[in-house]
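Novice: Mind looking over this structure? Questions follow.
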Amino acid sequence: MSDKLAARERFLDVFEDLVEELKQILVSYNMPQEAIEWFVRSLNYNTPGGKLNRGLSVVDTFAILNNTTSDKLNDTEYKKVALLGWAIELLQAYFLVADDMMDQSKTRRGQPCWYLVEGVNNIAINDSFMLEGAIYILLKKHFRQDPYYVDLLDLFHEVTFQTELGQLLDLITADEEIVDLDKFSLEKHSFIVIFKTAYYSFYLPVALAMYMSGINDEKDLKQVRDILIPLGEYFQIQDDYLDCFGTPEQIGKIGTDIKDNKCSWVINQALLIATPEQRQLLDNNYGKKDDESEQKCKDLFKQLGIEKIYHDYEESIVAKLRKQIDQIDESRGLKKDVLTAFLGKVYKRSK
């Protein structure tokens, strides 16, 4: 078994323990069996199915900060840090269950969205709340005695609210029914991706590992924030680029940003340089559900040289981030390797 697969298996084993713990808490409340089974089914359906990047990076970051590798952590230590990883995966599950209902999505991670599973429907709203609630039940059980317990709570509450702000701006900017490209701007795009993605996917995993490692100086949290937030923005810009220019075989999904009227980086770059005629073509075709309109937009993006603009942006942001990482002050226990590892996962990825 490869190291990567072994790390994933060990992480998944902890999830089984957590489901059992949550189940026992419901048993202690004298919850009827059918409700316990429902919650367990929701946990298993919605939480462990993705790539688990966010959760695993808490473990990897903790290991780097403690001069070791994740496979060398003893079981007690491993379970505790993996629990923080699973808390992010529960947060992600909570967002996705709700997000899929808001977007009326059909599938998620290769299976029907939870609200479309037979018999679930609007109960999925309450299920999403329970996935979030599970985070705090688990944190209380495992971290109540730790000096950084309140820091963990603050961090989860703040990042959750930031993500919801990003989601709000996304929803009111990109209405699937009414296409209005005047609503789009690169400033809005930047706010959406930083708040909706960068905080919980990039900053949160590292900040959690730092608190657990006793690295809690605001100077250090700021050092990582100043790198991970732009890195998260770059990650999402890359995602927008791949949605339009990547092939389904390459990215593992069919890009839908154009048809969904998304306020993506690609359309915003096009709007900056389009002639009035080209703008008219975008007004007439962007956000339309048919393949022909989508293709017209894609052809125009190619014609406008968006690919080169992206590659130039990528090289400049990566050079800037590398320089920032080089200048990190490691005197209080922070390690450059943490940030180098994150950058390595994002730079030149193809899916």
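Cβ coordinates are placed from backbone N, Cα and C, and glycine is handled just like the others.
Computed from a predicted structure; not experimentally measured.
Residues or ranges marked as isopentenyl diphosphate binding site in Swiss-Prot: Lys51, Arg54, Gln92, Arg109. The Mg(2+) 1 binding site annotation in Swiss-Prot covers Asp99, Asp103. Look at Swiss-Prot and you will find Asp99, Asp103 tagged as Mg(2+) 2 binding site, backed by similarity to another entry. Annotated dimethylallyl diphosphate binding site per Swiss-Prot: Arg108, Lys196, Thr197, Gln236, Lys253, Lys262, in sequence order, evidence recorded as similarity to another entry.
Provide an account of the burial state, proximal residues and distances for the features listed.
Specialist: DSSP assigns Arg54 (isopentenyl diphosphate binding site) to a helix. Cβ environment of Arg54 (isopentenyl diphosphate binding site): Gly85, Ile88, Glu89, Gln92, Tyr200, Ser201, Leu204, Pro205 lie under 8 Å away, each six or more residues apart in the same chain.
Asp99 (Mg(2+) 1 binding site) falls within a helix when secondary structure is assigned with DSSP. Asp99 (Mg(2+) 1 binding site): 18 other CB atoms within 10 A of its CB, across all protein chains.
Taking the Cβ of Asp103 (Mg(2+) 1 binding site) as reference, residues of its chain lying under 8 Å away and at least six apart in sequence are, in sequence order, Asp260.
There are 21 other Cβ atoms within 10 Å of the Cβ belonging to Gln236 (dimethylallyl diphosphate binding site).
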Novice: Measure the Cβ-based neighbour count of Lys51 (isopentenyl diphosphate binding site), defined as the other Cβ atoms within 10 Å of its Cβ.
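Specialist: For Lys51 (isopentenyl diphosphate binding site), the count of other Cβ atoms within 10 Å is 11.
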Novice: Name the one residue among Asp99, Lys196, Lys253 whose Cα is closest in three-dimensional space to that of Arg109 (isopentenyl diphosphate binding site); these are the binding-site residues.
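Specialist: Of all the candidates listed, Lys253 is nearest in space.
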Novice: Which chain neighbours of the isopentenyl diphosphate site, leaving out Lys51, Arg54, Gln92, Arg109, have a Cβ atom within 8 Å of the mean position of the site's Cβ atoms?
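Specialist: After dropping the recorded site residues, what remains is Gly49, Gly50, Leu52, Asn53, Gly55, Glu89.
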Novice: Out of Arg108, Thr197, Gln236, Lys253, Lys262, point to the one nearest Asp99 (Mg(2+) 1 binding site) in space (Cα versus Cα); all of them are binding-site residues in the record.
Specialist: Arg108
Novice: Within the chain of Lys196 (dimethylallyl diphosphate binding site), which residues six or more apart in sequence place their C-beta under 8 angstroms from its C-beta?
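Specialist: Same-chain residues close to Lys196 (dimethylallyl diphosphate binding site) (Cβ under 8 Å, separated by 6 or more) are Thr163, Gly166, Gln167, Leu169, Asp170.
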Novice: Under DSSP, is Lys253 (dimethylallyl diphosphate binding site) helix, strand or coil?
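Specialist: The three-state answer is coil.
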